[in-house]
Amino acid sequence: MIPRSIFNPISLSLVLFLTFVSYSSGSSPCSSTHQENARKFWIENDRFCKDGVPFQIIGGDMHYFRIVPEYWKDRLLRAKALGLNTIQTYVPWNIHEPQPEKYNFNGIADLEAYLQLAHELGFLVMLRSGPYICGEWDLGGFPAWLLSIEPALELRSSDSTYLFLVERWWGVLLPKIKPLLYQNGGPIIMIQVENEYGSFGSDKHYLRYLAKLARRHLGDEVVLYTTDGAGDATLSNGAIPEDGVYAAVDFDTWSNSSSAFEIQKKYNVPRKSPPLSAEFYTGWLTHWGEKLATTNASSTAAALENILSKDGSAVLYMAHGGTNFGLFSGANTDSNDESTYKPDLTSYDYDAPIKEYGDVNNPKYKELRRVIRKYAAAPLPSFPSSISTEAYGIVKLNKMFSVFEALYLFSNPTKTVESENPLPMESAGQMYGFMLYVSEYEQKKGNSTVSISKIHDRAQVFVSCSEGDKSNPHYVGVIERWNNKEPLSVPYLGCPSNITLFILVENMGRVNYGKYIYDRKGILSTVQVDNLTLHRWKMHPIQLDYLSNLSKNGLMKEYRYAIEEKASLQREFKNHIGNMRHRHQEHKSNSPTLYKGHFSINSTSMLKDTFISFCGWNKGIAFVNNFNIGRFWPKVGPQCTLYVPAPILKQGENTLVIFELEYANPDHTINFVSAPDFSCNLNMLHEK
């Protein structure tokens with residue numbers, strides 16, 4: 001066995017001497033011929049070899065798309081101070097190709113800039129290029145528009161249309177990263193093929209196709225790897241060692257690492273199985289309505305030391321989790337029950353050693369650093385400084401208008417779709433957020449019932465008279481994917497006309513793992529009123545882009561003009577004999593409504609990270625200075641605050657826009673606080 005001192009900085013002559021002696025005796029783990037000054041990374045004699053000497057991977061996952069670019073360097077330096085020598089990151093197809101053949105590699109999606117920065121800071125990189133990534137990310141990283149293709153694609157398979165689209169995507173991605181491969185002078189030492197495929201399927205032709213495609217673009221020297229759970233069932237499905245692809249494993253802190261690595265060895269070519277946990281779990285994910293997942297710092301550190309002390313390698317999942325900004329958080333279901341839908345939080349803190357907002361002054365970071373410094377090849381940088389945060393205090397919000405009062409602002413009329421039956425969101429061109437389904441039915445005396453057998457994911461139901469003002473419909477109730485047992489009761493409105501039915505459906509994140517990954521959104525069945533199927537639907541995609549443009553005077557003037565135009569109609573309607581009932585409905589309408597407020601920051605020195613507390617609010621989405629910081633749902637918790645990185649803020653006036661789906665805080669205020677809050681009282685989202 002090579003002595004531990006070989007990993008420490010020593011003179012070049014001593015390295016060459018030890019390498020020569022070991023090679024001559026036939027015992028070196030890295031005995032292949034190596035040209036001096038040539039960059040090369042390979043696997044031999046159950047070891048990773050870098051430039052002719054053994055290399056132990058002490059890595060961590062850190063995803064560029066979950067961190068604002070201004071903080072990439074800070075978070076990488078905190079990983080460096082932890083003792084990591086390698087960064088692993090997914091590449092989510094959906095942020096890079098949001099529309100077919102419309103590619104995005106800018107801002108938070110600037111993959112090349114992130115990899116180059118990691119290189120400059122001295123990291124190696126393990127790149128998880130997909131096309132499927134899981135990662136608690138919407139649809140496992142697949143673009144949502146894949147679900148609009150007919151006939152339906154068979155994702156993660158040898159489906160010819162699916163493979164054509166993968167080849168087109170990788171034809172853009174892989175040439176970008178080829179110059180960044182280690183042998184080409186860059187930081188990338190390994191490229192992952194798919195992700196945990198053995199937990200999904202057994203189509204080896206699909207995996208081999210991906211390996212062949214990767215080599216076509218990157219060359220035969222590239223080290224490809226798969227990652228699967230450390231079990232015979234998953235590895236037998238997901239490993240392709242006969243194609244020269246290295247099989248890594250993943251496991252949690254209480255697993256027996258020695259047993260896991262023995263199983264791993266069975267699914268690699270002999271002497272080509274360096275022990276590697278490519279996902280060594282430092283924490284775990286949390287869904288809305290669950291208790292916050294945490295793991296013990298001491299036991300996590302002890303489990304890592306058990307790997308490193310035996311010359312094993314590990315990648316912390318996560319080293320730094322970050323945030324599911326926007327609408328990209330994923331979801332899970334139970335293995336055999338699609339209705340047990342569990343959406344993920346906006347926060348992807350993951351109980352990682354580097355917290356969501358970069359904090360490292362916590363037991364887990366300190367314990368892991370204590371262990372890693374024993375095995376690091378060089379002294380660790382000094383302990384990082386604390387993150388400075390700011391409580392900007394209470395901000396008053398003004399009620400703007402509801403979806404029903406300004407539907408034309410939220411939904412471009414040219415994008416409205418008409419159909420005999422409800423269509424999935426994807427088929428109507430709405431990939432994220434919300435869609436409003438509208439139909440009519442003939443009223444009868446007494447109450448009615450509305451039922452939808454398949455809704456993805458959460459629907460708010462409203463009714464109004466078809467004639468007259470429909471800007472403030474009567475709220476009926478909510479139908480939820482995970483709690484859809486009884487039809488909703490619709491009260492008798494006494495209208496002189498038909499009833500207009502409004503169903504606002506929220507996409508809360510597509511399933512990212514398991515057999516139910518083909519997760520279309522919206523109304524996926526018929527809608528019945530009193531057991532009669534409704535037809536002739538209008539579907540209005542709600543364009544959340546409008547929310548981030550509310551500060552523009554043109555839109556506000558347009559809205560005010562429209563309000564004046566229909567003022568007389570509203571007055572006539574409100575003078576109707578049902579005026580008192582209308583007022584009652586106005587108070588209880590639950591209409592999804594926009595709120596906007598402003599707050600000032602006097603100097604650049606006051607621009608600091610902060611958190612918005614949504615205490616007293618219910619459920620919705622928030623924008624700060626046109627940046628979608630994510631979903632909030634304090635009513636079910638456990639997340640009560642949303643993280644606002646300082647680079648989103650600016651000196652002077654800042655704008656906050658909230659799209660509240662139910663009831664606003666009675667005071668119409670929010671509070672900017674200096675620390676995250678996960679202490680909500682839990683009204684459990686899912687029945688046990």
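Glycine residues also receive a Cβ, built from the backbone N, Cα and C atoms like all the rest.
Annotation comment: TrEMBL describes Glu196 as active site, proton donor. If you look up TrEMBL, you'll see Glu279 marked as active site, nucleophile. Among the features that TrEMBL reports, domain 'Glycoside hydrolase 35 catalytic' is placed at 48-374. According to TrEMBL, the domain 'Beta-galactosidase 1-like first all-beta' annotation covers 422-542. Residues or ranges marked as domain 'Beta-galactosidase galactose-binding' by TrEMBL: 592-654. Taken from TrEMBL, the feature signal peptide covers 1-26.
A C-beta separation below 8 Å, combined with a sequence spacing of at least six in one chain, links Glu196 (active site, proton donor) to Cys134, Thr227, Asp228, Gly229, Thr234, Gly238, Asp250, Tyr513.
The DSSP breakdown of the domain 'Beta-galactosidase galactose-binding' (592-654) into helical (H, G, I), extended (E, B) and coil residues amounts to 6 helix, 32 strand, 25 coil.
Glu279 (active site, nucleophile) is surrounded by 25 other CB atoms, counting those within 10 A of its CB over all protein chains shown.
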